[in-house]
Amino acid sequence: MDKLIITGGARLDGEIRISGAKNSALPILAATLLCNGPVTVANLPHLHDITTMIELFGRMGIEPVIDEKLSVEINPNTIKTLVAPYELVKTMRASILVLGPMVARFGYAEVALPGGCAIGSRPVDLHIRGLEAMGAVIDVEGGYIKAKAPEGGLNGANFFFDTVSVTGTENIMMAAALANGRSVLQNSAREPEVVDLANFLNAMGAKVSGAGTDTIIIDGVKELHPATYRVMPDRIETGTYLVAAAVTGGRVKVKDTDPTILEAVLEKLKEAGAEVTTGEDWIELNMHGKRPKAVNVRTAPYPAFPTDMQAQFISLNAIAEGTGAVIETIFENRFMHVYELHRMGAKIQVEGNTAIVTGTETLKGAPVMATDLRASASLVISALVAEGDTLIDRIYHIDRGYECIEEKLQMLGAKIRRVPG
Ligand code: EPU
C-alpha cells in the first residue's frame, strides 16, 4: 500500500489547474446509460472512483473507449447484463447511480445494496422509494436491489425527498428523463453537480428544468440522443488547495475552476483572514504569511457549507489563532480524522456532532492513517504545517478523489513524496 511522506514547513506558493469534478463525473457517466447511441464525456478526472465506474460498465458488457486526455466514449447500446455486482459496489457507493438509468432505459436492474460506510450509515431508501413512486417494483434480496419497471416503462411521479440527498436526487432525475409524462421532485438537492447532470441530460435532449432549486421538473422523453459533454470543475478539490495554502500562510492561484460554486467556503476563508480574489475561472488566495484565525463552521446542503470541506477546516482551525466550533449535520460519523490529528498534537474535543477546535501554534509530524477521502485531505493539510515528517498510510482513499495530489502540491513548493508499500 502506497504511503505519503510530507515534510512540513514549506509556505505554498504557485498556480495549479483544477480537475473535473468527481461527484459530477460519476452521475454523468451513469447517465450515459440513458442514451440511444454513443456519448462522449470530457474533462473526467484521473481518479480511482472513475476507473471503478468504467470497470462497472465493462462488467455490464459496455466497452468505454478512453483517449489520452481521458475523454471517454460510451455506447450503452452494447449492454449485456443489467447487474452491478457487490464486489464493485462495496468499493464505491456511487455505483448506486446506475440503478435509475438502467431501470428507466432497459426496464430492469440489479444493483448490490451498498453497505455501511466510514462516515455514516448512508441508507439508500430514498433512491428506492423514488423509483417505486414511478411504478418500479423493487425487491431487496440476497443483498441486491432488484428493480423492475412496469410494462410500458416508468411513469412520471411527484416525489418529495424527506432528506436532501445528492445522489438520490440524481438517480430519480435520471430515471424521470425517460419516464412517461411529468415528474416533479421536491426538496431536491441544489448542489452544482445536480445542475451539471441536468445540463448533460438536456444536452442529450431531456427536458429538465429547475435544477439548482429545490423543485426539479422533468418531462419525460421517448429517447435521448448522442452528445458530447464537459464535466464541471471540482469545487471540493478547489477548496482543499485553498485551505492548504491558507494554513501555510502562503498564496495559491487555482485555475480552470468556478468561484461561483464555492461561495460559502470562500466566505469562511476570508473570515479566517485570507485575501481572496476571483476571476471568471480562477481564484487566488493570499495569506501574506499570516496565521489564520479560527472560524465556526456548520455543514448543511448546498448552498451552505459543504460536509466535504469539513475535515479541511478542522485542520485550518487546528493551527489557527483562537477556537472554532465545527458542526457536522449531514453524516453522523464524519470526525475520524480528529483522532488522527490528535496524534499530531491538535487540540480538538468532539461532543456529539460538534468538534471544538482550539488552535495551537505548532503541530508535530507523526505516522497517521487515512480513513476516508476528505479525512485524508485534512491529514495532508495538517502535515504541510507540522514540524518534521508525517507518514500518511492508506492513501488509496486520497487517490479516489484527488488527481495527482503530490504533483500538484509539489508544484506549489510542498515537500511531499509517495513511497510504494
Ligand atoms: N440519506 C438518507 N436516505 C437516502 C439517501 C441519503 O437518509 O436514501 C441521508 C444520508 O444518510 C445523509 C444525507 O441523507 O445523512 C445526505 O446524503 P446524500 O445522499 O446527499 O449523500 P450522497 O449522495 O451519498 C454525495 C457525495 C458525497 C457528499 C454528499 C453530501 C457523490 C458521489 N457523493 O453523497 O461525497 O459528502 O453527497 O454532500 O456525489 C466525497 O466526495 O467525499 C463524498 C462523500
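Each Cβ is built from the backbone N, Cα and C atoms, and glycine gets one as well.
Checking the candidates I74, I327, I330 against TrEMBL: the one annotated together with R93, R122, P123, V124, D125, L126, D308 at the UDP-N-acetyl-alpha-D-glucosamine site is I330. On the 0 to 100 pLDDT scale, the model's mean across the domain 'Enolpyruvate transferase' (7-409) is 96. Cβ packing within 10 Å was compared across the binding-site residues D125, D308, and the lowest neighbour count falls to D125. Of all the binding-site residues listed (K22, R93, R122), K22 sits in the most crowded Cβ setting, with the most other Cβ atoms within 10 Å. A distance of 14 Å separates the Cα atom of I330 (UDP-N-acetyl-alpha-D-glucosamine binding site) from that of C117 (active site, proton donor).
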